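As annotated by TrEMBL, signal peptide applies to 1-35. According to TrEMBL, the transmembrane segment annotation covers 292-314, 358-380, 400-423, 435-459, 471-494, 522-548, 554-582, 594-613, 625-654.
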Amino acid sequence: MFTSFPHFNCGLSSSKQNWLPWSLLLLSLTCESSAFYVPGVAPINFHQNDPVEIKAVKLTSSRTQLPYEYYSLPFCQPSKITYKAENLGEVLRGDRIVNTPFQVLMNSEKKCEVLCGQSNKPVTLTVEQSRLVAERITEDYYVHLIADNLPVATRLELYSNRDSDDKKKEKDVQFEHGYRLGFMDVNKIYLHNHLSFILYYHREDMEEDQEHTYRVVRFEVIPQSIRLEDLKADEKSSCTLPEGTNSSPQEIDPTKENQLYFTYSVHWEESDIKWASRWDTYLTMSDVQIHWFSIINSVVVVFFLSGILSMIIIRTLRKDIANYNKEDDIEDTMEESGWKLVHGDVFRPPQYPMILSSLLGSGIQLFCMILIWGWVWVAWPPLLFVAMLGMLSPSSRGALMTTACFLFMFMGVFGGFSAGRLYRTLKGHRWKKGAFCTATLYPGVVFGICFVLNCFIWGKHSSGAVPFPTMVALLCMWFGISLPLVYLGYYFGFRKQPYDNPVRTNQIPRQIPEQRWYMNRFVGILMAGILPFGAMFIELFFIFSAIWENQFYYLFGFLFLVFIILVVSCSQISIVMVYFQLCAEDYRWWWRNFLVSGGSAFYVLVYAIFYFVNKLDIVEFIPSLLYFGYTALMVLSFWLLTGTIGFYAAYMFVRKIYAAVKID
């Protein structure tokens, strides 16, 4: 069985979710590609009047960041409620996919139908139910439905030419994920109790003697609020909508019982869009130019750093090496200040080598998780190439999250290997303790913070709370998969020959001269972090909007370029900073370089605070706690990633320059 995935426009769909802590830093990347087929799932072909099932996913709000199940509110229920079997990613996202009583038939119109209740017996909301519905409306909750795995969207028509005549105005059509539960007007609360579904189908080419088949290619909804008195229902559950604007909206009074009808209508339209490209409507971005501006800005930053680096290597460094290698001027050279004077201490093991190697091992694990993505049937190609081919389909709900969790577990063997070899290079001896530290330090912090946040989510009865069996399963994955693999990698890494340092370390440490103010560690973090952050902050805005404001994001092609630029800029700035430090005769570069290289994480934290104050409308304690808790995990992971990249770039640079000079 094969399925055609969409033709992606450099782009992935993401919305505000509570899965953030479980898949931090999964910056997978994809670029524009043509549709192709992937084993496992097939497009569903419908015949005339075949049932098209409408399912509910959840309720979400950018104000509370707490998703809820669809039936947490008193919506009409089918005779038997059936929840879809969900994968790990869907559970972590807070999805609870369930059937609904909507009766939709392929290419069959419905003008108006009562969903539940009878013409003489409308639905009655109790005071408690009315209060709950009113609370969710005031919190700006959206309802998310799917048809044929395609999410419902609300069409928004924006006019770009405001000052021109009406005839010359150009419509800018955008789509909003889900539909609003209701709205407020003059301190009154109104519920959207009528849904006008607009479904688009593509007629498949068939032979003359075969029956036509149809495929769903778009799912839109127009929510309306119509009060009970304006809806005329008959005994067959059919209803008549009021004409024009004569009707009044359905008010929800939280202080008393409310009576209303839940109704819906269905309209079908034929579309030229093929099934393989049906996601393009949702994922088309109108602001691509600003992303190109971001890329150009980032490239300028990289060229700026490359210029500084070239000046250091080509001019200063070569001159230093030439002077140091002059045997006749060796005495004068030794009296000069410079990076060669600390050759006997530059590879002296730092304090807490076990913790340093463990953190770097976790950074390698994160780095491998970002780059490697495999499908069993194609021999585990890198994620980057799979994504660029378009395999990261948004229709694979939760698959990205599930693979991220398993991938991080399996990458423990690489993290353990790199940590073990570095630990031995730093003269460490307790490899078993080091392996346990590598396997538990970073994951333990993430799991601990997530568990505390999850307790608060449990208290709010949100579907975003990870169920206890799922948490046990994650613990089993951690201690049953990741821990043994880290020990395995650590064992072989510790047994392998340590990194060959080009110079010997003196027995007596050299005295470090007093450093100038700009060599302060915090100043170094500020200096080193600004340029890599400047290369990515525009994309960071769109990522934050996707996570926290229920926006679509599928520009992984741009994100891939930004990630490559980030790696290059972190490496370059790390080399520059360690060179200046060694020229100041400060050989304690191990920890400092790791901290300074992750300086852009500090700016991510500052930007997250700015975004919270200026962009979000979060005022309650628990949503604020969730935001800053998840942000702390994001900053920690980003610091580990960029710090690891910078550390290994600086380590290779230091080994290279000291191997190029003659040491007596």
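In case you wondered, yes, glycine gets a Cβ from its N, Cα and C as well.
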Rank 400-423, 435-459, 471-494, 522-548, 554-582 by Cβ pairs under 8 Å to the transmembrane segment (594-613) and hand me the top one. 522-548
Counting only residues 6 or more past its boundaries, what in the same chain has a CB within less than 8 Å of a CB in the transmembrane segment (471-494)? 22, 88, 361, 405-406, 408-410, 412-424, 431-432, 434-436, 438-440, 443, 447, 451, 454
With a cut-off of 8 Å between Cβ atoms, can you find at least three pairs linking the transmembrane segment (554-582) to the transmembrane segment (435-459)? Only pairs 6 or more residues apart in sequence count. no
Best-contacting stretch, by C-beta pairs under 8 Å, relative to the transmembrane segment (400-423) and drawn from 292-314, 435-459, 625-654: 435-459
